[in-house]
Amino acid sequence: MAVILDGKALSKKIRNSLKNEVKELKEKFGRPPSLAVVLVGNNPASEIYVRNKIKACSEVGIDSIDRRLPETVTQEELNSIVKELNEDPNVDGIIVQLPLPNGLSCREVVNYISPEKDVDGFHPVNVGKCTLGLYDQGLMPCTPAGVMKFFEEYNIPLQGKNAVMVGHSNIVGKPLANMLINANATVSVCHVYTKDLSHYTRYADVLCVATGVPGLIKADMVKEGAVVIDIGISRVNGKIVGDVDFEGVKEKVSAITPVPGGVGPMTITMLLYNTVKAFKMRNGI
Ligand SMILES: Nc1nc2c(c(=O)[nH]1)N[C@@H](CN(C=O)c1ccc(C(=O)N[C@@H](CCC(=O)O)C(=O)O)cc1)CN2
Ligand SMILES: [Mg+2]
């Protein structure tokens, strides 16, 4: 029987300890950590994620600033709002919810965020620190950092294991592949152009999948006893599903994340974690 890697339970545990830490920081510094969330336009999924982030902040005592901007905002206006937030001493973390509407460059605006307030870990300075394994010196991207927390919590060894990352996005695939390399796994990165995907996936002791293709990974594509991390989220007939055929694959593997309730909640938990970390780093602790 596979162990179901429970992102809700792990999130609860981390959020409880953050709540205590936030209380102490507030007593010591006179204000709690604060997160600014910038949302452009009205993508319904983004609105839900932003609402969940703000609610999660308030549950642990983190202040939040909700900046809603119309779809018609220009790149210059968006950049200058980020600049304002960079200069606001009472703001510790800044995120720009993705995806942005067509015509706005995500890379340009992310490059405007001060690296020390970049709690998504998307700025090139933080990407560099992630690649170098300098985790304590910067802010690491939330979803990959959340995945690494599963390995820690469930004592899943990585050293010398064959790890396969399916998906090479800047926000998940590339940083997670680097974190796995830093943990001394032997890492292969596959993506939409990979020929014979199952040649790689069948070889994986640890299989991480972040493609957004529902049900891409079937039972015959995974190794017996593997650990499977499903980072995909799609809506199929109103139901939220991952990239892995959970029902089939769970019979064969030693551990697997469900969707929903696996990696998703950890993304928001690590955002809270990074906001507290940014506050502490900005206050010299
Ligand atoms: N600026 C950012 N934009 C985006 C990020 C990000 O980390 N930073 N990641 C995704 C969306 N995302 C957070 O923003 C996110 C996605 C999913 C979940 C989550 O908890 N999923 C639940 C299911 C929730 C549902 O859809 O009902 C789960 O898997 O259990 C949290 C955060 C893209 N944009
Ligand atoms: Mg994410």
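Any Cβ shown, glycine's included, is placed from N, Cα and C.
So that you can see what the record holds, here are the features copied from TrEMBL:
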- G167, H168, S169, I233: NADP(+) binding site (BINDING)
- 5-120: domain 'Tetrahydrofolate dehydrogenase/cyclohydrolase catalytic' (DOMAIN)
- 141-281: domain 'Tetrahydrofolate dehydrogenase/cyclohydrolase NAD(P)-binding' (DOMAIN)
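Among the record's NADP(+) binders, G167, H168, S169, I233, no two C-alpha atoms are more than 16 Å apart, and one pair sits at exactly that spread. Predicted-model confidence for the domain 'Tetrahydrofolate dehydrogenase/cyclohydrolase NAD(P)-binding' (141-281) is 98, expressed as mean pLDDT. When the domain 'Tetrahydrofolate dehydrogenase/cyclohydrolase catalytic' (5-120) is classified with DSSP, helix, strand and coil residues number 63 helix, 19 strand, 34 coil. DSSP assignment over the domain 'Tetrahydrofolate dehydrogenase/cyclohydrolase NAD(P)-binding' (141-281) gives 53 helix, 28 strand, 60 coil. With a 10 A radius on its CB, S169 (NADP(+) binding site) counts 15 other CB atoms from all the protein chains.
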